[in-house]
Amino acid sequence: MTSPLTGSASGDLNVNYNGTKKEMFGLAFKTGMLTIVTFGIYRFWQKTRLRRYIWSRANVGGDTFEYTGTGLEKLLGFLVAIVFLAVYLGIIQMVLFFFGMNIMVDPENASPAQVIGQILAIYISFFAVLPFLLFAVYRARRYKLARTRWRGIRFAMEKGAWGYVWRAIGHGLLTLVTLGIMLPRQTYYLEKYMTDRSHFGSAKFEQTGEWKKLYPAMKHIAIGLVILVGAVAAGVSGSGALAGILGFVGYVWLIIGSIYYSVHSFKYLTNNKTLEDVRFNADPSTGTVISKAILGAIIITAIMAAAALIFGLVMGLFGAFAQEGGSPVILIFIGLVGYLTLLVLAQALSLVFITQPILAHYIDTLTVLNPDGLNMIHQREADSNLDADGFADALDIGGAI
Amino acid sequence: MQETQAVFFDGKTAGRIPVTVSLGPDRLALFITGDGLPEPLRWPLGELRGLHSDGAKHQVILTLRQEGDDELARHTARLVLEDTVAKEWLLTTRPDLFRKDVPKGTMKKIAKFTGMAVGATVLMLFVILPAMANTLAAIIPIEREVAFGKTVVAQIARVFGGVGIDELTCQGEEGQIALQVMVDRLTENQDMTYTISSRVFDHPMVNAFAAPGGQVVVMKGLIDSADSPDEVAAVLAHEIGHVESRDATRNALRSSGSAGLLTMLIGDFTGGAVMAILGEQLLSASYTREAEGQADEFALEMLQNANVSADGMARFFELLDETYGESALPAYLSTHPVTLERAQRARDFAETQSATSPVISDSQWQSLKQICD
């Protein structure tokens, strides 16, 4: 680690992450339990504290990031979102359910068209919230940037959530209609929309490059799809075993391919971002991301299995006690507490063994090039016009951090 | 405190400024000097604040308290200290270092926003959604309700038996006739909106339910535990009461709105789904308790019109009380009102009845008991 006292002499700045498993677990588990006992209210402070930890453990050339968001503003943002969404969602959901009911058909003698209509009616309620989901995505990123500082200087993102909403819907439809061929275009332009509105102090970020350059990142998705087409062809021509094998290989290839796409599109997009004269170099590896995820999943499974076993034994013990005249309420209570504790444990472990290692890999493989321009950047005003993740939290898209 | 090296960010530009920090001669302030600073800075100890990092202990970052636009109520300048001696000295001598400075009016703001959110939610859950559910339940065409009810019954069959309706429905012909006779006798003197379609599910649970559109299902366990056909008739009458007042339809509509709202309210924290389900349980319990009382009254009237004694109803409630009475679940969690009270109500009602007869004959009762064999 570079000491902040010496800094880096000259040239590129390395970006590092040095969070530890122990600290992260302690924080995640403690705040998770606090969230449970406060019936969820503490979650705004939990998210704040987790971010504060992660930001303080990431540094560019030895200078750490600072997260200045507060739990209180998240709570207030959430309350505002509730007022709006309670009315909108409650009514929309019920009206849609009513129409779903109205085209409900007798399951015993329905035509396929009627069944499809019914399924559509059920899924249409998702589209009623989709604009707000996308709205929340933009707002959440804007809030995160506005509450991040480095070397004391604020990041920021301009207003523009509704512009993002209709662009995201348009690009999404185009990708859908072209069966995914336009996915790079969607990825590129949506990222460009957000990047071009981002600032660090007085300096503005810009997304350069072109969307067609993202096609190489799609190659493993394409291979996976070709194998799956082969599987279907084999199935049609009657060789079931071959179809099964190809189907499995194609499926796995497709999953790995989509991880490859997310890693390599991130790499291309980052390498083509500019902050005035400052440039970036990202070099994450798909293999590392996948192996960290698999290793993490194995460790988590093992720990959770052991924890569940202990929980089962305790429950068995209390079950025997309840049979001898103890109150079943105690048993139900212990069961609920144990179950919720296991959930908190699982969340903490997934932060420790999956989220943090992968995040660390992305951060450690990042370099800031030509950083001299950074010294010239000036402070900007605080941005108070934020919903502080309120919509994201209300619509369940925030995640732990 | 010893003189120590540190890094200073002035909060105006992103340049890093190496500085020397020392305690002033009056021991009331930190003095910050360096070539990059236009003039030495004096930071009063009382105004010093440390930044929370939640665990990252390799450094301490200092700033000053300051009211204003800043989201943290802090000065934008930062002083980064890595010297462990200086850090220890600060942490021990400045107990206020990590103090939160809550801006004035914060509590008022929280109260106002909470009030608005709670108001909107309560208004939705207890006024707007139930009213909408009532209206919509009244205008939905009956044939749609019947189709919806069949889907619901099919789903329940899948939940209880993991099979289709036909596999779980008991097929004994004589038993089905007996059940139909029972339904006919209950409904013949009644103004009915729905045609009741009843069936028995081969499941040991002591339960019965009404799906939208006239679908009534009795579980085999209920027939097994009943001592007389009148007890089953009482349950049937109660469920028919739910059908006629469209309770299931209304409840499905209402919970389609409120379930989404509750999930949103409780949010995406770990364990949130459990809380949301509990919340929806509590909420629907408060609605169904009222509906249960009304269905009881409907059932008593129906039994009266059919000349069937309400004693069966009383006995059934007493049986429920004996079986489940000791489970210490609080009454408000249960969707059914306290059963002994309901038993007493039925017992009182039965005393006013005269010229009653068993709802079906003994031989029909025997067939009904064997409907699943």
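Every residue, even glycine, has its Cβ placed from backbone N, Cα and C.
Source: prediction; values computed, not measured.
Feature annotations, courtesy of TrEMBL:
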{"type": "TRANSMEM", "residues": "A:24-45", "note": "transmembrane segment"}
{"type": "TRANSMEM", "residues": "A:75-99", "note": "transmembrane segment"}
{"type": "TRANSMEM", "residues": "A:119-140", "note": "transmembrane segment"}
{"type": "TRANSMEM", "residues": "A:217-236", "note": "transmembrane segment"}
{"type": "TRANSMEM", "residues": "A:243-263", "note": "transmembrane segment"}
{"type": "TRANSMEM", "residues": "A:293-318", "note": "transmembrane segment"}
{"type": "TRANSMEM", "residues": "A:330-354", "note": "transmembrane segment"}
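When Cβ distances are compared across the two stretches, the transmembrane segment (A:24-45) makes contact with the transmembrane segment (A:330-354), since 3 or more pairs at least 6 residues apart fall below 8 angstroms. Under 8 Å from some Cβ of the transmembrane segment (A:293-318) lie the Cβ atoms of residues 326, 330-331, 334-335, 338-339, 341-342, 345-346, 349-350, 353-354, 357-358, all in the same chain and six or more residues away from its ends. Residues 183, 217-228, 230-232, 234-235, 284-286, 289-290 of the same chain, all 6+ positions outside the transmembrane segment (A:243-263), place their C-beta atoms under 8 angstroms from a C-beta of that stretch.
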